[in-house]
Amino acid sequence: MADITHPPMEQLQDLEYCIDSNPPWAETILLAFQNYILMLGTSVMIPSMLVPAMGGSSGDKAQVIQTLLFVAGINTLLQALFGTRLPAVVGGSFAYVIPIAHIISDSSLQRINDPHERFLQTMRAIQGALIVASSIQIVLGYSQVWGLFSRFFSPLGMAPVVGLVGLGLIQQGFPASTGAYKAASRLAIATPPPAYVLSRGIGWQGIGILLDGLYGTGTGSTVSVENAGLLGLTRVGSRRVVQISAGFMIFFSTLGKFGAVFASIPFPIFAALYCVLFGLVAAVGISFLQFTNMNSMRNLIITGLTLFLGISVPQFFSQYWTSSHHGPVHTNAGWFNAFLNTIFSSPATVGLIVAVFLDNTLEVERSKKDRGMPWWVKFRTFRGDNRNEEFYTLPFNLNRFFPPT
């Protein structure tokens, strides 16, 4: 039998359009509309869960859905133009449901008898919390701290994390967004975003959460994993498609009747799509293992333990919440409970903690080649690969004022 070899490939070869190439206008508009329709699932589900618990009416829920779509359109445009510049859709995140549930159940708010007044006061409390929370990502991003931390990532560390982003429906802020950025870059035939670009993206994501708080979306923002999967399903990674999709979000959010028609699509249809799209993103994450030595017992242990703990720990926290209506961490400090319960309910966050810790402590010096570092090291800095300038340079010649560091 002839030898069968599949050499590692930095970029996928069977996609039709990359990040800087654009389909014909008719196809572009159709694909942009697909991204908008896919965004509706999360945009409808989150307000449907939270608004009734806040005391809001059907009218309040419709208004929150429209607000969430409007801000998602703005955040997606900001991210595609000035953030990572990847074709990544930014929308509402389930990660904020647990801390928001703590705010909703606050005794001072529950004592308000008038449902509409309780809804207004609860929304104001959530808005204040989101505005404060946005400062964390803004500081981590624009101070370059997150970029410096990302230099500890290797293909071995990122592969299971991106895989868990695809397998986990609960998305947790910047860890999940980092994994989604890696997946989107691969599906858009771009180089992995260097540390500087990741920091820039997380900083703009913090601005996005600030806008969520100011407008009153009822939840924070993160990169939409399902829309990243759609890049692979359509084999089109064009940035223009996502930018036009953001225009659809803004346009239809101002026309409530049209939005209501699209929002009436049954959830089982979205669930069927998620099965394909989340699975595709998970597979893209696992594909990073091609740059590592998977005949190494060290690497097998790290990958296996990361995947197992990344799935089982959040599942335990989720089941505990369902049965007890509070997380396993249940002290007198509500903020402390919400913080830890949210972190350990996220597959991507748990996976990131386990993968990065083990990958940077177990036989590090002896395993540089096995970890895939000879391939990965050139993507750590903006100048490490000549293609980065093509994919990630800011528009309107803004790199003169914000040079890559």
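Every residue, even glycine, has its Cβ placed from backbone N, Cα and C.
Keep in mind it's a predicted model, so treat the numbers as computed, not measured.
TrEMBL has this to say about the protein:
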| type | residues | note |
| --- | --- | --- |
| TRANSMEM | 33-52 | transmembrane segment |
| TRANSMEM | 64-82 | transmembrane segment |
| TRANSMEM | 88-104 | transmembrane segment |
| TRANSMEM | 125-146 | transmembrane segment |
| TRANSMEM | 152-170 | transmembrane segment |
| TRANSMEM | 241-263 | transmembrane segment |
| TRANSMEM | 269-288 | transmembrane segment |
| TRANSMEM | 300-318 | transmembrane segment |
| TRANSMEM | 338-358 | transmembrane segment |
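Among residues of the same chain six or more beyond the transmembrane segment (88-104), those with a C-beta under 8 A of the stretch's C-beta atoms are 35, 39, 42-43, 46, 49-50, 53-54, 68, 72, 75-76, 78-80, 122, 125-126, 129-130, 169-173, 176, 180-181, 184, 205, 208, 217-224, 227-228, 242, 245-246, 321, 327, 334, 337-339, 341-342, 345-346. When each of 64-82, 125-146, 269-288 is scored by its Cβ pairs under 8 Å to the transmembrane segment (152-170), the top-ranked stretch turns out to be 269-288.
For the transmembrane segment (125-146), same-chain residues at least 6 beyond its ends with a Cβ under 8 Å from one of its own Cβ atoms are 96, 99-100, 103, 106, 109, 173-174, 178, 195-196, 198-210, 212-214, 216, 218-220, 405.
The transmembrane segment (33-52) makes contact with the transmembrane segment (269-288): 3 or more of their CB pairs lie within 8 A, with pairs spaced 6 or more apart in sequence.
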